[in-house]
Amino acid sequence: MNACLVGIWLWLPLLFTWLSPEVSSSWWYMRATSGSSRVMCDNVPGLVSHQRQLCHRHPDVMRAIGLGVTEWTMECQHQFRQHRWNCNTLDRDHSLFGRVLLRSSRESAFVYAISSAGVVFAITRACSQGELKSCSCDPKKKGTAKDNKGTFDWGGCSDNIDYGIKFARAFVDAKERKGKDARALMNLHNNRAGRKAVKRFLKQECKCHGVSGSCTLRTCWLAMADFRKTGNYLWRKYNGAIQVVMNQDGTGFTVANKRFKKPTKNDLVYFENSPDYCIRDRDAGSLGTAGRVCNLTSRGMDSCEVMCCGRGYDTSHITRKTKCECKFHWCCAVRCQDCVEALDVHTCKAPKSPDWAAPT
């Protein structure tokens, strides 16, 4: 075997390590783990040592993160509800989403961003609600300040989002920082974009004091917006995600297509094009769209033509009970009648088996 072939064989393991990353965010599985904090910390697979240390040291924060997993997965499913891939989760898989996130696609970019944002939101909310020993309301929001409406006093409980961001960065990014490959850098970038998205919608709320609400004095505080705003924002970033390649020294990205702008810290980035998600593909992590409900009158992604990938659809005639003819009665009730509504439900056909697979 010549020296060239020897060199190729030596580099192949490194090449496959570079191109075939594992799904690193095993902490997502905390949603499905119950019991004491020690049991949880020791039984969530894939946590690195720093994550386990934080888990043992801050069991109350871990409970908040675990509750937050349910919230951001529901938000992910809401955003993808009309798409072929609908952010479906797998209860028995510690990666939560299965093999679909092994591909460095824009779906992976969104999930890492929304999960990181969900941790910030969950921790910050728990701080304000007095559920955590390590934090409370934002200690910096004290005294008097000014805005375009004049002078006001900081009061109430300002959301301590800086603590939420700091803890989320330390916990969520810990495993990625141990890696030096392209996927780790992609995940770190999208994690940061998710954290920044939550802070983007931090808003100032105020209460007036004075005779007849004259607002002689104002008390203000900072509050996070509903998580739906963060989800909607990251959905727009998903649709505008930028495909990138590693730069020559392996420390950052450059755009794959020179016609597109360089990604900012707020943008989502990805390396690989997405599969079409039309058929069940175990290796790609795709569940396919057979049996999915589609919209016969839509022209969007939820249309029967797009959702069913041209395979056609089945129509079922169903009835359901609804409230109708509602009337307001003084005071203070709304009374409705029970009505039966008939409607058609359209579901995607399964792919046809090839002729050679048909029974004889």
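Placed from the backbone N, Cα and C atoms, the Cβ positions cover glycine too.
Here Swiss-Prot flags CYS76-CYS87 (among others) as disulfide bond. All protein chains included, CYS76 (disulfide bond) registers 25 other Cβ atoms within 10 Å of its own Cβ.
Summarising the annotation, Swiss-Prot assigns disulfide bond to CYS127-CYS135 (among others). Cβ contacts within 10 Å of CYS127 (disulfide bond), excluding its own Cβ and spanning all protein chains shown: 24.
Sequence-distant contacts of CYS137 (disulfide bond), defined by Cβ-Cβ distance under 8 angstroms and a gap of at least six in the same chain, are CYS127, SER128, GLY156, CYS157, SER158, ASP159, ASN160. Taken from Swiss-Prot, the feature disulfide bond covers CYS137-CYS157 (among others).
What Swiss-Prot lists as disulfide bond is CYS206-CYS220 (among others), and the listing cites similarity to another entry. Cβ contacts within 10 Å of CYS220 (disulfide bond), excluding its own Cβ and spanning all protein chains shown: 19. Classification of CYS220 (disulfide bond) by DSSP places it within a strand.
For CYS208-CYS215 (among others), the entry in Swiss-Prot reads disulfide bond. Secondary structure at CYS215 (disulfide bond), as computed by DSSP, is coil. Taking a C-beta cut-off of under 8 Å and a sequence gap of six or more, CYS215 (disulfide bond) has these contacts in its own chain: CYS208, HIS209.
Annotation source Swiss-Prot lists disulfide bond at CYS278-CYS309 (among others), citing similarity to another entry. Sequence-distant neighbours of CYS309 (disulfide bond) (same chain, 6+ apart, CB under 8 A from its CB) are ARG84, ASP276, CYS278, ILE279, THR289, CYS348. In the three-state DSSP classification, CYS309 (disulfide bond) falls within coil.
According to Swiss-Prot, the disulfide bond annotation covers CYS294-CYS304 (among others), on the basis of similarity to another entry. Using a 10 Å radius centred on the Cβ of CYS304 (disulfide bond) and all shown protein chains, the other Cβ atoms total 22. In this structure, CYS304 (disulfide bond) is part of a helix by DSSP.
Annotation source Swiss-Prot lists disulfide bond at CYS308-CYS348 (among others). In sequence order, THR289, ARG292, CYS294, CYS348, LYS349 make up the list of same-chain residues 6 or more apart from CYS308 (disulfide bond) whose Cβ falls under 8 Å from its Cβ.
For CYS339 (disulfide bond), other Cβ atoms within 10 Å of its Cβ number 11. Residues annotated as disulfide bond in Swiss-Prot, with similarity to another entry given as evidence: CYS324-CYS339 (among others).
If you take the C-beta of CYS336 (disulfide bond) and look for same-chain residues 6 or more apart in sequence within under 8 angstroms, you find LYS323, CYS324, GLU325, CYS326, LYS327. Residues annotated as disulfide bond in Swiss-Prot, with similarity to another entry given as evidence: CYS326-CYS336 (among others).
CYS331 (disulfide bond) carries neither a helix nor a strand DSSP state and counts as coil. The annotation disulfide bond is assigned in Swiss-Prot to CYS331-CYS332 (among others) on the grounds of similarity to another entry.
A sphere of 10 angstroms centred on the C-beta of ASN295 (N-linked glycosylation site) encloses 16 other C-beta atoms. Annotated N-linked glycosylation site per Swiss-Prot: ASN295, in sequence order, evidence recorded as sequence analysis.
Other Cβ atoms within 10 Å of the Cβ of SER212 (O-palmitoleoyl serine) number 6 in total over all chains. Taken from Swiss-Prot, the feature O-palmitoleoyl serine applies to SER212.
Among the features that Swiss-Prot reports, signal peptide is placed at 1-25, with the record citing sequence analysis.
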Of CYS87, CYS157, CYS294, CYS324, CYS332 (the disulfide-bonded residues), the residue whose Cβ has the fewest other Cβ atoms within 10 Å:
CYS332
Mapped DSSP class for CYS135 (disulfide bond), helix or strand or coil
coil
Fewest C-beta neighbours within 10 angstroms among the disulfide-bonded residues CYS206, CYS326 belongs to CYS326
Across CYS135, CYS208, CYS278, CYS331, CYS348, listed as disulfide-bonded residues, the smallest other-CB tally within 10 A is for CYS331
Going by Cα-Cα distance, which of the recorded positions (CYS135, SER212, CYS332, CYS339) sits nearest to CYS76 (disulfide bond)?
CYS135
